[in-house]
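Visitor: The following feature annotations were taken from TrEMBL:
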type	residues	note
TRANSMEM	12-30	transmembrane segment
TRANSMEM	36-53	transmembrane segment
TRANSMEM	74-92	transmembrane segment
TRANSMEM	112-131	transmembrane segment
TRANSMEM	143-165	transmembrane segment
TRANSMEM	185-206	transmembrane segment
TRANSMEM	218-239	transmembrane segment
TRANSMEM	269-292	transmembrane segment
TRANSMEM	304-324	transmembrane segment
TRANSMEM	336-356	transmembrane segment
Amino acid sequence: MTKNKCTHTQLIFLILLQQLSSSIVVSLGIQAKQDAWIAILAALVGGLALLWLHIKLHQLHPDVPLTGVIRKILGKWLGWPLALLYVLYFIYVGSRVLRDLSDLLKTALLDYTPLSAISAFIMICIVYVLSHGLENLGKTGEIFGMIYILSIFSILSVLFITNVFNPDRILPVAEDPVLIVKTAYPLVYTFPYGEIILFTMLYPYVQTNQSLYKITAITMIFSGLLLSLILAVMVGVLGPEVTARSTFPLLSSLGKVNLLYFLQRLDSLAIVILVIGGFFKIALFLMSAVIGATDLFKGEQKKLVTPIGAILFVLSQFIAANIAEHLSEGEYFVPRYLHLPMQTVIPLLLFLIGWIKKKRAHSSDQIHPPPNQVAH
């Protein structure tokens, strides 16, 4: 790829877009009912701990992406297949996000357009952006990220000033602490916080003198607080039962806005926001898969964008028969049996193995120093 670099400001906006995008499409954490916003904050604590693990794993070999770190820790024969598994994981998660976005557009705007046509158009745009490199994605994300955040705050302000928000609907607070914890872990912990693992593929290309953990953690905290606020507002507008039943609760919330018959039909603004977020999240997962494939197969990144994008597109068409099945898989199977191992268990084992190997190598160097360090 032509230019593989990213500034820390661009990284911040890319993290925000990744963390918020799909999370505000669905009613995240609504299993905790009116305490969904608390479940999001509870999961944030675990998310920050997981981020610390990812950063420590990256720091073992900071000049290579996660696929390279895996091979350096486990060696060629064990590391290569596991690294390939992560490439496939990024493709799969990206395909799920593409399906989310395509279903949203078909339901809200394009009733008579085939789902495949919607997905294909989205992928063509993403492939075009990524064909110009990570730097181009970062610059684009910086611009659209500002628009995205400002639009979210505008929507929240409108929901408050039009009096469709009823604070009684989010009461009582913390009615069932056990349910809050069960909702936070593993569902909200793995999605969106655990998905931060994709940035271990991008960290080697970030140009900054600041701590990667500090940058990412502060951004995660901001996005977590904002996501919690969004969920609280949606529940306050619709109520927990309606929010749980709604396929796209943010659209339903904005559909209630009507200020003097002048300010109404703001669901179109919500669609724009959701499209921006979904676009960049798909792009980030595709970019991570392309970087990983390039690392493994020693090809040229620009040439791999289109074929891997095509695989992602095809997979998105077959991962579920309908939107209900797609959402059900995302709520039960994916967090427990895919995200947890790939985001937490395997990185933890890799870090422990890598840390032990470095300790042993350091001890060996002290006992048997290199020839140029031996006193004469």
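For all residues, glycine too, the Cβ spot is worked out from N, Cα and C.
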Visitor: Which range wins on Cβ pairs under 8 Å with the transmembrane segment (74-92): 36-53, 143-165, 185-206, 218-239, 304-324?
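Guide: Stretch with maximum Cβ contacts: 304-324.
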Visitor: Using Cβ atoms only, state whether the transmembrane segment (304-324) and the transmembrane segment (269-292) have three or more pairs under 8 Å that are 6 or more apart in sequence.
Guide: yes
Visitor: Among 12-30, 185-206, 269-292, which stretch has the most Cβ pairs under 8 Å to the transmembrane segment (218-239)?
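Guide: It is 12-30 that shares the most Cβ pairs under 8 Å with the transmembrane segment (218-239).
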Visitor: Within the same chain, where does the transmembrane segment (112-131) have neighbours whose Cβ lies under 8 angstroms from its own Cβ atoms, ignoring anything closer than 6 residues to its ends? I mean 6 or more beyond.
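Guide: Non-local partners: 1, 98-99, 101-103, 105-106, 137, 140, 278-279, 282-283, 286-287, 290, 302, 305-306, 309-310, 312-313, 316-317.
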Visitor: Could you name the stretch, out of 36-53, 185-206, 269-292, 336-356, with the greatest number of CB pairs under 8 A to the transmembrane segment (143-165)?
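Guide: Comparing 36-53, 185-206, 269-292, 336-356: 269-292 has the most Cβ pairs near the transmembrane segment (143-165).
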Visitor: Report, as numbers and ranges, every residue of the chain located at least six residues beyond the transmembrane segment (336-356) whose Cβ falls under 8 Å of a Cβ in that stretch; write 'none' if there are none.
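Guide: 50, 53-54, 56-57, 60-61, 69-70, 72-74, 82, 85-86, 89, 92, 186, 190-191, 194-195, 197.
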Visitor: Using a Cβ-Cβ cut-off of under 8 Å, list the residues of the same chain that are 6+ residues beyond the ends of the transmembrane segment (269-292) and lie near it.
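Guide: Same-chain contacts beyond the ends: 1, 4, 14, 17-18, 20-22, 24-25, 65-67, 83-84, 86-88, 90-91, 93-94, 97-98, 100-101, 104-105, 108-109, 122-123, 125-127, 129-130, 134, 137, 141, 144-145, 147-148, 151-152, 154-155, 198, 201-202, 248, 250-251, 254, 301, 304-305, 308-309, 312.
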